Amino acid sequence: MAAAGSANEADRRFMAAAIRLSRRHLGLTDTNPSVATLIVRDDGDGPRIVGRGVTAIGGRPHAEAAALAEAGAAARGATAYVTLEPCAHHGRTPPCANALVSSGIARVVGAAADPDPRVNGKGYAILREAGIEVVEGVLADEAADLMRGYLMRSEKKRPEVILKLAVSADGMIGRRDSAPGKGQVAITGAVARRQVHMMRAESDAILVGIGTALADDPSLTCRLPGLEQRSPIRIVLDRDMRLPAGSVLVRSARDVPLLVTIASDCPSARRAELAEAGVSFLAVDVHEGHIALPELLDDLAARGVATLMVEGGAYTARAFWNEGLVDRLALFSGPAEIGAGGIASPIDPADTPQGFRLLREARFGADLYREFVRSA
Ligand code: AOF
Ligand code: ZN
């Protein structure tokens, strides 16, 4: 039986590199998390990466399989860095723990634990039983941070909700009575908007209220050069099915999936027309005039959504926030003022919201970005 083993500085460095690699397929691995594996060997002349892998687009093969294939015979006696506990189940691929054993790997350094009941400690146990030295939990929080949607969906059966909020210098998040076509108020600048597109690419779904869909006629796609194929499912909260067939959202429904959530008792007169354009529907209950958000989140998780980005508008943002459904707050503060007719932010942009902690802070052009996560 191998010793428990402990992590050293090089372990943390390679794990940090593996975690960076795991970002590559965020939002592209279906219900599977985007995991990375690095295989490192040291033949006396310093450590060298001989294999690297990331969970494939669509979720399979797993990261370990790709890294072992690249390493080939060089895996024998090497260390494998895995950002998630290697799987122990015969799913659509054989267990990665067994593949690591067969490869002759001598040591496995793992970051996050896998709550999937088919794994959940069994992966590490297989490795230990085979005499492999296992070190668990190295940079576990950093790895889990990138898999939080997967972890949330596995453990709580609902997606992680990221609220993107842009607050003006005078504390507003939008303007009231916005007429179609005239309602757009740019709070953030171009650099911050690119960051938002990156966040879209890394999410499974992006949601807006019908007010924003009517006022802005947005496309809600990721338009970063090279990442155009990474647009997530678009969701519109549209109790009464008011979304026009001529909207940019509906016209692009054949290219990027569009899900319209409607009241269960919504008359279906327009349904055929929108369905013809490629729109899908999700009927949800309405409580006191509003779509029941917790129920909607359950339904979305069941459909495989692990990370949901809520982009607005003001009412939708307030609803998610006030119902305590936000897990992560992506807060942009811009120098512009909205003035009369503004809708006040539910969050004071100068403070850390209660129950949250600041995860990172950055400047995008003239805008300040702060990301808060719910404290455990
Ligand atoms: C790994 N390496 O790269 C990933 C893992 O549907 P399957 O058969 O692909 O199994 C999905 C489960 O595999 C998922 O719930 C999680 O437990 C694990 N993900 N495991 O060893 C990987 N992505
Ligand atoms: Zn696996």
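Using the three backbone atoms N, Cα and C, a Cβ is placed for every residue, glycine included.
Annotations in TrEMBL come from automatic prediction, not curation.
From a predicted model like this one, the values you see are computed outputs, not experimental measurements.
What TrEMBL lists as domain 'CMP/dCMP-type deaminase' is 9-134.
The feature Zn(2+) binding site is assigned by TrEMBL to H62, C87, C96. When secondary structure is read from DSSP and collapsed to three states, H62 (Zn(2+) binding site) falls in the coil class.
Marked as active site, proton donor by TrEMBL: E64. Using a 10 Å radius centred on the Cβ of E64 (active site, proton donor) and all shown protein chains, the other Cβ atoms total 31.
Taken residue by residue with DSSP, A314 (NADP(+) binding site) is part of a helix. Sequence-distant neighbours of A314 (NADP(+) binding site) (same chain, 6+ residues apart, CB-CB distance under 8 A): I173, G174, G211, I343. The NADP(+) binding site annotation in TrEMBL covers A166, T212, D216, G313, A314, Y315, T316, A317, R318, A319.
DSSP assigns L220 (substrate binding site) to coil in the three-state reduction, outside any helix or strand. Taking a C-beta cut-off of under 8 Å and a sequence gap of six or more, L220 (substrate binding site) has these contacts in its own chain: R200, I206, V208, S231, R234, L249, V256, E311. The annotation substrate binding site is assigned in TrEMBL to R200, L220, R223, E311.
Spacing of R223 (substrate binding site) relative to A166 (NADP(+) binding site) is 19 Å (Cα to Cα, whole number). Here the binding-site residues are H62, R200; the one with the fewest Cβ atoms within 10 Å of its Cβ is R200.
Taken through DSSP, the domain 'CMP/dCMP-type deaminase' (9-134) splits into 46 helix, 29 strand, 51 coil.
The highest number of surrounding Cβ atoms within 10 Å, among the binding-site residues C87, C96, A166, is found at C96. Within the set of recorded positions E64, A166, D216, T316, the entry lying nearest in space to C96 (Zn(2+) binding site) is E64 (CA atoms). Straight-line distance linking the Cα atoms of H62 (Zn(2+) binding site) and T316 (NADP(+) binding site), rounded to a whole number, equals 37 Å. Residues A166, T212, D216, G313, A314, Y315, T316, A317, R318, A319 are the ones the record ties to NADP(+), and the longest Cα gap between any two of them is 19 Å.
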